[in-house]
Amino acid sequence: MSEPVARSQVSEVPRTRRGVLLGGATVLASAPLWTTLLAPDAAAAVRPASPLDAADAPVTPELTPERVLHLLQAGNQRWIAGRLRHPHQTVARREQVAAGQHPLATVFSCIDSRVPPEIVFDRGVGDLFVVRTAAQTNDGLVQGAVEYGVEESLTPLLVVMGHQRCGAVTFAVETLNAGREAPAHLKDVVDALRPAYEAAKGLPGDQVDNTIRAQIRLTVFQLQHDELLEPYEREGRAQVVGAYYSLDSGAVDFCV
Ligand SMILES: [Zn+2]
C-alpha cells in the first residue's frame, strides 16, 4: 500500500519520480509512452497560484478518493445554492497548469448541455478530466480515455455521472420499446444502452429514469472491473463512483 501523496509533491517532482512516490510499477513503466504522446513537460516548475486559487486549495493536501469526493460535493453545494466561487479560473491558474496538469478527478458524463461537470462541481482549469458521450455510453475509446486519467495523472476519483431526463436514454427507450432501428450512428448509442434498458425493463416506476440509473450502475461496474483500473481500486488509490444529476435542483447524488 502506498503512502498518501501530497498535492505539492505531485506538482513538483519529475513524472518518473511520481511513480516511485506512489510505489506504482504500472505507472512508472507506462509513463514514458504517455509522456511522449500527451504531456511533453509535466515536470516543469509550477508557479504559485492566485490568492483566490489558494483560498480554494484543499486544506488537507492528501488527494485520497474520499478527499476529492468531498471537494466535488462542496463545489456542488455551491452550485445548488448559487454561491459559486469559480476556483482556478484565473490567468495565474492558466499559466500554472500550462506546464503540467494534475486533475483531481475524472468525470465521465453525458453530452447534455445542461450538465457541464466543471460548473456543477464549481471547479476550474486543470481540475477535471472530462469524458462525455451521449448517456455516458462506453466503448474502447472512452475506456482508454478514462484509463489515461488514472494511469497518467493519478486522478484518485472517477465519477460516472448520468442525469435526470436524459434525452439519449429517452430516445433509446422509445426506439427499443417500438422495436425500431435507429438511423446512422445513433444505432451505436441505442445498442450501447440496450443492457441498461434490459436491466431496467419491468421495474416499477419510470422506465426512462430506471434506465438512466441502470446505465450509471452498469458503467460503474465496467470501470471497476477494467483491467488497468482494478488494481488501483483494490489498493485504495482510486475509486469509481456513480452519480445522478438532478436538472431540477442542480444536486449530484453520489448514492447511485
Ligand atoms: Zn443525457
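From the backbone N, Cα and C atoms, a Cβ is placed for every residue, glycine too.
A TrEMBL annotation is a machine prediction, not a hand-curated record.
Feature annotation from TrEMBL assigns Zn(2+) binding site to Cys110, Asp112, His163, Cys166. Listed in sequence order, the residues of the same chain lying 6 or more apart from His163 (Zn(2+) binding site) and placing their CB within less than 8 Å of its CB are Ser109, Cys110, Asp112, Arg114, Val115, Ile212, Tyr244, Tyr245, Ser246, Leu247.
For Cys166 (Zn(2+) binding site), the same-chain residues lying six or more positions away in sequence with a CB closer than 8 A to its CB are Cys110, Asp112, Ala135, Val208, Ile212. Within 8 Å of the Cβ centroid of the Zn(2+) site, not counting the listed residues Cys110, Asp112, His163, Cys166, the chain contributes Ser109, Ile111, Arg114, Val115, Ala135, Gln136, Gly162, Gln164, Arg165, Gly167, Ala168, Val169, Ile212, Tyr245.
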